[in-house]
Amino acid sequence: MKFELDTTDGRARRGRLIFDRGTVETPAFMPVGTYGTVKGMTPEEVRATGADILLGNTFHLWLRPGEEIMRKHGDLHDFMNWQRPILTDSGGFQVFSLGDIRKITEEGVHFRSPINGEKIFLDPEKSMQIQHALGSDVVMIFDECTPYPATEDEARKSMQMSLRWAKRSRDEFDRLENPNSLFGIIQGSVYEDLRDESLKGLVEIGFDGYAVGGLAVGEPKEDMHRILEHVCPQILADKPRYLMGVGKPEDLVEGVRRGIDMFDCVMPTRNARNGHLFTSEGVIKIRNARHRDDTSPLDPKCDCYTCKNYSRAYLYHLDRCNEILGARLNTIHNLRYYQMLMEGLRGAIETGTLDAFVKDFYTSQGREVPELVD
């Protein structure tokens, strides 16, 4: 992987990630394909929304279908017929989400399979091996996602163990002679000094890119912004910056303003299946009865297949009837909305008009522009 940085506007960055399988324009949003599919979508449909790269879930793909079946197909690209770049998370967040059915030790994590209750062990070495089998273009280190809230002492112990796991991840990645890219994950909860220590340790190990982890886990939005404003300027300018698991459209805008290059989130797809649709004028809840006889498109400013061909009334009808097509059309729209937002942000950075773009974004939704700390 090669990262090119073209231009900046304030802290916002316009660039690209160049892989053997294709180029990813940044800032970029990665749709989430947890089980090797963006729910309800073919790879061609996902690509048509403007997506350059997908995120796959190491934990879930390891449990089902497993490494052996993946290898029989070649890798995850072949298995799901997506021949463009794929980033896989390490499984750390999913293990963290298991709660009481997992036990974290220095060696790794013991847990019971959420599928059949089988006892399973996952550690940094195994995570690297699974992601190698998946053929991930971007591999994420195995870390512990520090829960929120956490005391400073709890966050320090978690972060320091994640650093030790980062070194083990690096060593195993190198032992496997994996030709792809490995990203480190900055932890430290809401404590700036711990974030500093984490980043310093990761840079000493050496990675191809750096993710900001442990955010969007329940902390106030102000804390997320504060940590990003503190951490991003310290990350080497020639390395991509990835904000994991984020987020709402406004979170993407605020992340870009603070220097983030990559995002992923289940929100556009999950919300689509629940009739919660993002538009240029804010959120539309298509299940609301007001849309029952509305012949207008979902968003007249959107160029997606859904908006060009169907009315709000039709989408309302499909949702009321629990038709699969409704969820699919909603997903097409939400994913295209996210990609159009990223296209707009990239264009604004290129032309030095990001402030105006951000103002228009918030004004169209009747909201004030959040402050950006100098």
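Including glycine, each Cβ sits where the backbone N, Cα and C put it.
The record from Swiss-Prot ties ASP89, SER90, GLY91, GLY92, PHE93, ASP143, GLY214 to substrate, and of the options GLN187, GLN234, GLN339 it ties GLN187 to that site too. Annotated by Swiss-Prot as region 'RNA binding', the relevant range among 269-273, 289-293, 294-298, 299-303 is 269-273. Per Swiss-Prot, the stretch carrying the note region 'RNA binding' among 7-13, 217-223, 245-251 is 245-251.
According to DSSP, ASP264 (active site, nucleophile) is assigned to a strand segment.
Using a 10 Å Cβ-Cβ cutoff, GLY92 (substrate binding site) registers 27 neighbours.
Under the three-state DSSP scheme, GLY92 (substrate binding site) falls in the helix class.
Each residue in the region 'RNA binding' (269-273) has a pLDDT score, and their mean in this model is 99. The Zn(2+) site is defined by CYS302, CYS304, CYS307, HIS333, and by the 8 Å test on Cβ atoms against their centroid, the other residues of the chain that qualify are PRO297, LEU298, ASP299, ASP303, TYR305, THR306, LYS308, ILE332, ARG336, TYR337. Checking each of the binding-site residues ASP89, SER90, GLN187, GLY214 against CYS302 (Zn(2+) binding site) by C-alpha distance, the shortest gap belongs to ASP89.
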